[in-house]
Every structure is written in structure tokens, then in C-alpha cells.
Amino acid sequence: MALDTLDFAVILVLTVAILAYIVKTNFFSEPKSTGFLSADALAGNNLLDVIKKNNKNAVIFYGSQTGTAEDYASKLSKELSARFGLKTMTVDFSDYDLTNFDSISEDTLCFFLMATYGEGEPTDNANEFCEWLENDADTLSTLKFTVFGLGNSTYELYNAVGKKLDQQFEEKGAERFADYGEGDDGKGTLDEDFLTWKDNLFESLKNNLNLEEHELTYEPGLRLEESDFLTLADDNVSHGEPDKTYITGSGDLSKGPFDHSHPYLSPIKYTKELFNSKDRSCVHLEFDLSGSNLRYSTGDHVAIWPSNSNENILTFAKAFGLEDKLDTVFELVALDLTISIPFPTPISYGAVLRHHLEITGPVSRQFLLSIAGFAPDASSKKEVARIGNDKKAFAEEITHKSLNIADALLVISDGKPWSSVPFEFIIESISHLQPRYYSISSSSLTEKTTINVTAVVEAEKVGSQLVTGVVTNLLKNIEIEQNKTGEKPVVTYDLSGPRGKFSKFKLPIHVRKSTFKLPTNPSTPVILVGPGTGVAPLRGFVRERVNQKQNGTSVGETVLFYGCRRSDEDFLYKDEWPQYAKTLGSSFEIHTAFSRETEKKVYVQHKILEQSSKINKLLESGAFIYVCGDASRMARDVQASFAKILSQERGISEEKAGDLLRSYKTQNRYQEDVW
Ligand code: FAD
């Protein structure tokens with residue numbers, strides 16, 4: 001059938017419309033902010049226009065997944081402003097339209113704080129910018145830049161994003177005004193590495209750009225105004241709801257999209273303690289998605305939104321003399337249009353401490369130095385400056401004792417509250433609570449509307465200090481309450497949530513897509529390695545294959561390596577594996593390593609070596625390898641075992657075997673989900 005002129009015209013109009021839609025939605029698509037920028041700053045949010053309109057000459061960009069790079073960016077921005085009089089702003093790539101970034105003015109200094117996530121990938125908020133730089137950017141001859149990478153050396157592609165960005169900027173003709181630097185979370189030196197880079201950066205600003213340095217003083221970017229008339233009883237006051245829609249109740253909260261700026265408040269329908277131990281705990285939870293349009297696929301991660309424990313909130317309030325103010329309501333005013341208000345306001349002090357600030361993690365030396373000016377008396381000021389300026393003293397007296405902010409300050413001041421610290425300083429200097437990620441341990445094929453999580457509870461005594469993880473203890477509290485076990489939790493939480501919205505066991509969650517996926521062809525054999533909670537997504541994989549087999553699909557071999565301390569203490573899902581074996585038959589094998597049952601410790605990497613010939617045969621027949629769990633040593637030791645097997649079984653050098661494994665990784669035949 002021939003097309004006439006009218007047909008062509010219609011096709012042309014449709015094509016143009018579709019192309020326009022694709023360009024609009026895909027290329028530096030509409031910004032999605034987690035913060036609350038003022039309407040003026042967002043109106044026409046082209047970055048270069050915003051820089052010009054707000055008369056800025058220093059921009060600190062951050063690629064952040066867990067909030068660390070964002071936190072560093074905010075601190076650097078304040079320090080550059082206070083020390084060098086630069087007119088600074090921080091930029092989340094996903095907040096701005098960056099289409100004409102290549103025309104940035106030579107008068108703007110650009111600082112890039114770039115975290116590397118997973119297998120050498122950019123963070124979600126920097127992904128589009130990195131793709132643009134790689135594929136579409138032309139010359140960047142007017143860009144003046146410096147880069148600091150945040151990474152973890154236990155991953156093979158250490159600081160890949162920071163390094164690549166630094167190199168690409170140079171290749172595109174940009175001018176580096178201070179050397180590249182990088183920090184290593186794997187060695188626990190990230191803070192110190194950042195401080196070293198910052199010292200060098202300041203030297204470059206003074207020596208190369210002739211900027212004059214002044215003494216550091218705190219200049220607030222926000223003004224807090226306590227309300228004379230608003231109370232917690234008012235409808236528009238935030239009690240710590242995850243976002244504004246949960247305060248106003250506007251729209252259908254069961255319909256997404258759900259993401260890092262808007263979670264789904266999911267019921268938890270079932271919980272169970274998985275360990276058989278007096279002092280260690282691991283919780284299995286089932287989130288019920290039915291009635292919502294939140295979906296996941298096997299291997300994805302679920303992010304659980306945290307809140308702080310009652311005990312930690314009280315200690316923090318005591319350290320800053322805030323005990324009587326927890327119910328007082330305030331508003332925040334941005335003193336600069338480019339500064340975002342980090343959470344919905346009006347809000348109470350108590351809600352900020354419970355739902356928005358990371359009050360328990362380790363303290364940084366930088367933080368102690370910045371708070372010194374607000375010390376409650378001369379001797380505390382001297383003491384905080386002593387510890388803040390001495391790396392060794394800081395390590396011995398703060399880090400090794402695992403003191404958090406409140407505990408450290410109370411030790412330094414001998415119990416006196418730091419009441420003169422402005423709350424604006426606290427909001428601007430302390431990291432904001434971030435969701436914690438968990439590898440989903442269910443299969444979307446078997447349980448479409450249920451997300452399973454397997455979380456080991458973080459709680460230990462360091463000297464007299466009780467150190468607790470935020471989310472895992474919250475999950476344990478839920479398990480105790482739901483099952484009415486009568487157990488006494490290590491720390492307690494308000495499980496009813498803001499305005500009772502979390503009552504009957506609910507928590508805010510969202511799903512993050514992952515690349516950790518089973519082969520598309522179910523008959524491909526898989527080798528699964530997951531000691532401890534590393535078994536979480538692998539349980540999902542096995543359940544998926546059981547489902548496929550039950551539905552008549554031909555399923556390839558599934559060989560699982562699992563490790564823990566003792567078979568009768570922390571063997572996760574011990575009763576389930578025999579049931580899976582019943583369905584999968586001889587195509588399923590589980591090899592276990594119980595490290596504390598024999599004189600010589602046995603780990604999964606040893607069990608893998610015991611199966612050398614079988615593993616080689618499976619790999620020859622196209623098997624995929626999946627490794628999940630501890631990133632610090634396990635992943636590397638397991639990879640070394642596979643390299644040894646390939647070398648021995650195929651008579652090739654270990655170096656060549658290593659290259660082969662790397663090529664498996666690029667073909668997605670060797671996948672890791674490690675943290
Ligand atoms: P946090 O509050 O984040 O604390 C982290 C650690 O620091 C804890 O050990 C805590 O005790 C310690 N700590 C707290 N305060 C201090 C201090 N002042 N000084 C020193 N140390 C301190 N975990 C699982 O259990 N199962 C999973 O399936 C799983 N999957 C994951 C998948 C991905 C992709 C990622 C990135 C992580 C995954 N994790 C998983 C880890 C998980 O995200 C959390 O990091 C973990 O559960 C701890 O969270 P938390 O809030 O309890 O502890």
C-alpha cells in the first residue's frame with residue numbers, strides 16, 4: 001500500500017513530536033531534587049543562568065549516593081566562602097539543567113566531589129552528566145576545575161569515576177587549578193584523605209590563583225526562626241514525614257513513582273529472627289507491596305528509610321542543651337537562593353533529630369575543628385582544638401573508642417552541654433540521614449508483591465560505649481514488637497512514626513534497580529557465592545529457579561557456596577535449602593563452610609577450591625558466577641580462588657586466569673553485589 005502526502009505529513013508530525021518528547025525527557029531531563037530549593041532558584045534552572053543571577057564564582061558539584069560526597073561538598077562550600085571570600089554554591093547534578101555547561105565562564109572555579117558506586121559506576125545523580133561528558137561533550141576550554149574522588153579500594157575499579165572525570169576534563173582542554181585527590185573508604189581514611197587534599201587545594205588557591213586566606217568563621221546559609229504560634233498540633237507542621245506529600249496527604253500515596261525523594265510507606269507483614277544466638281541477631285522481614293504500584297525484579301536493592309533511636313536522640317539533645325526544645329516548631333529561611341532547605345518545614349527540633357540527622361555515626365576531625373568556636377568554656381575550647389589538630393590524639397581518643405558526635409563533645413567538655421552551638425550549624429554540618437540499601441532476598445517471579453530483606457543487626461560494645469546501627473536496630477525493634485517475643489532491645493524506637501503513620505509496622509522504602517541479574521536463559525548454569533547476609537540475593541535467585549522448574553522450564557545447574565560461623569547458630573535459611581533441593585533435584589548443590597567448627601578456619605573460598613574440576617567444567621559450559629556480601633576481603637579472596645582454579649585446570653598462568661575473569665566481568669558472566 002502506497003503512502004500519500006497526507007500520510008507522510010502525519011508521520012512527520014508524529015515523529016517530530018516523539019523526538020521532542022524523547023529529547024525533553026531524556027537529555028538532562030527535568031531535575032529531581034531531594035532538597036527544597038527556593039522557587040526563585042529553580043525558576044529557569046539552567047545552571048549557568050543561576051550562577052550568573054546569583055553572582056557565584058565557585059561551584060562545588062557532587063556525585064553522591066550515600067550522602068558523603070554531598071556532606072563534603074557542603075562543608076567545602078562553607079569553608080571556601082569563609083576562608084577565601086569565594087561566592088560559592090553546591091550543585092547536585094540532578095537539580096539543574098546543564099545543557100550549555102560547555103560555555104561555563106572562566107571566572108567560575110569548579111570543584112567536583114565524585115563518589116564511585118558499585119562496579120566503577122557514577123552515582124545515580126551524576127550518571128547523566130558522566131554519560132554526556134563521555135559521549136557528547138565537545139571542548140571544555142573555559143572550564144577551570146579540580147576533582148576529588150571518593151572510593152573504596154576493596155573494589156577493583158577504585159575511584160574509577162573521579163579518575164575518569166579528571167582525565168576527561170583534561171582531554172577536553174579544561175584547566176586544572178589544583179591537583180586531583182582521592183579518598184579511600186576501604187582503608188577507613190576517607191576523612192583524612194579529604195583533609196589532605198583540601199590542604200593542598202588551599203595552597204593552590206593561594207599560590208596559583210593568588211587568593212587571600214582568612215581565619216575560618218561560621219557563616220550560616222540558613223536562618224532558623226522559631227514560631228510563636230505554630231505547634232506540633234498544626235496540620236502543616238512536619239513531624240518528620242518522609243516528604244511533603246505525607247504531610248499534606250495530597251494525591252494517592254500508594255501510587256509512585258517511588259524513589260529517593262518519595263518513598264512508599266510499606267506494611268511489614270512478617271518478621272522472623274534467623275540466628276540462634278544470645279548476642280547476635282539477623283532479621284528476616286517481608287514488605288507487602290500489594291495495593292501499591294511499587295515493583296521490583298529479582299536481584300534489585302530495597303532502600304529502607306531510617307529514624308534514630310530514643311536513646312541516641314536524648315544523648316544528642318543533652319549534648320547540645322536541646323532537651324526542652326524538642327517540641328518547639330521552627331521555619332528555615334535560605335539566606336541565598338541557591339541553598340536548599342534540606343527537609344520540609346515548619347518542623348520541630350525533635351523531628352529533625354529523629355528523622356533527618358545522622359547523629360550516631362563516627363565524628364570527623366574536621367567537625368571538631370569547625371565546632372571549636374562554640375565550645376561551652378575555655379578549657380573545652382582548648383581540648384577540642386587539641387584533639388582536632390592532632391591526628392594521633394583524634395584516632396586514640398575519639399575514633400578507636402567509636403564515639404559519636406554527642407558522646408565525643410560531652411567527653412571533651414566534661415559533661416557540659418554545648419548550648420551555644422546554633423541549630424543552623426548543626427543542620428549544615430551534620431550529615432543528613434540516608435536510606436540504607438538491602439539486597440532483596442525474594443524472587444519477583446515467586447512473590448511479585450513481597451520484598452524480603454535479610455539484615456544482620458549491628459550492635460557492639462566498644463569499651464563502655466554501645467555502638468549501634470540505625471536501621472538494623474529499628475528492624476530488630478519491629479521484629480520484637482511484631483512477634484511479642486518479650487526480648488529487651490539494645491536501643492528503642494518510636495515505631496508509630498510521624499502522626500502515627502508508621503503504626504501497625506510500616507516503614508518508608510523505595511527500590512533501586514540493580515545490574516545483579518540471573519542469565520536470561522534459565523538453562524545456563526550458575527555458581528553462587530554468598531557467605532553471611534551475602535546469601536540474601538542468592539536466595540532470591542534460587543527461589544526464582546525453583547519457580548521456573550515448577551513451571552516446566554528447563555533450569556541449569558545451581559551450585560551455591562555458603563559460609564557462616566556455626567551450623568547451629570547463624571546458618572541462614574537452613575531449613576529452606578533442602579526444600580529447594582527437592583524441586584531442583586541433582587541440579588542443585590550447596591557447599592557450606594562453618595568457620596568456627598573446625599580448628600583451622602574454613603571459608604567459602606576454600607570450599608570453592610575443593611570443587612575445582614566441577615567449577616571448571618561448569619565455566620566451560622558457560623556458567624555465570626555471582627558473588628555477594630563483604631567487599632573488604634571475601635570478594636577478593638573468592639576471585640583469587642576462581643583464578644587459581646582456571647590456572648590449574650587449564651594449565652595457564654594465574655595472570656592469564658585473572659585476565660580471563662576480568663573478561664567474564666565485562667561480559668556480565670562474573671557479577672558482584674558487595675558492600
Ligand atoms: P549504620 O547506622 O549505617 O552504621 C554502620 C556501622 O557503623 C554499624 O556497624 C554501626 O554499629 C557502626 N557505627 C555506628 N556509630 C559508630 C561510631 N560512632 N563509630 C564507629 N562505628 C559506628 N546488609 C545486610 O545486613 N543485608 C543485606 O542484604 C545488605 N545488602 C546491601 C546491599 C547494598 C547494595 C549495600 C550498599 C549495603 C547492603 N547492606 C546489607 C548493608 C546495609 O546497607 C547497612 O549498611 C547495614 O545494615 C548497617 O546499617 P545500619 O543503619 O544498621 O548501620
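Heads up, the Cβ atoms here are built off N, Cα and C, so glycines get one too.
All annotation found in TrEMBL is predicted automatically rather than curated by experts.
When the candidates TRP132, TRP197, TRP675 are compared with the FAD site entry in TrEMBL, which names ARG436, TYR437, TYR438, SER439, THR454, ALA455, VAL456, GLY469, VAL470, VAL471, THR472, the shared residue is TRP675.
ASP637 is the residue from ASP243, ASP252, ASP494, ASP637 that TrEMBL records in the NADP(+) site together with ARG280, THR533, SER595, ARG596, LYS601, VAL602, TYR603, VAL604, GLN605. Spatial neighbours are here defined as Cα atoms within 10 angstroms of one another, and by that definition the neighbours of ARG280 (NADP(+) binding site) among the binding-site residues ASN152, ARG436, TYR438, VAL456 are VAL456. Considering only the binding-site residues VAL456, VAL470, THR472, TYR603, TYR155 (FMN binding site) has TYR603 as its nearest partner by CA-CA distance. When pLDDT is averaged over the domain 'Flavodoxin-like' (58-202), the result is 95. With respect to ligand 1, the binding-site residues ASN152, TYR158, ARG280, THR472 contribute THR472 as residues with a C-beta closer than 6 angstroms to one of its atoms, given in sequence order. Note on the domain 'Flavodoxin-like' (58-202): DSSP counts are 60 helix, 37 strand, 48 coil. In this structure, the C-alpha atom of VAL456 (FAD binding site) lies 18 angstrom from that of SER595 (NADP(+) binding site).
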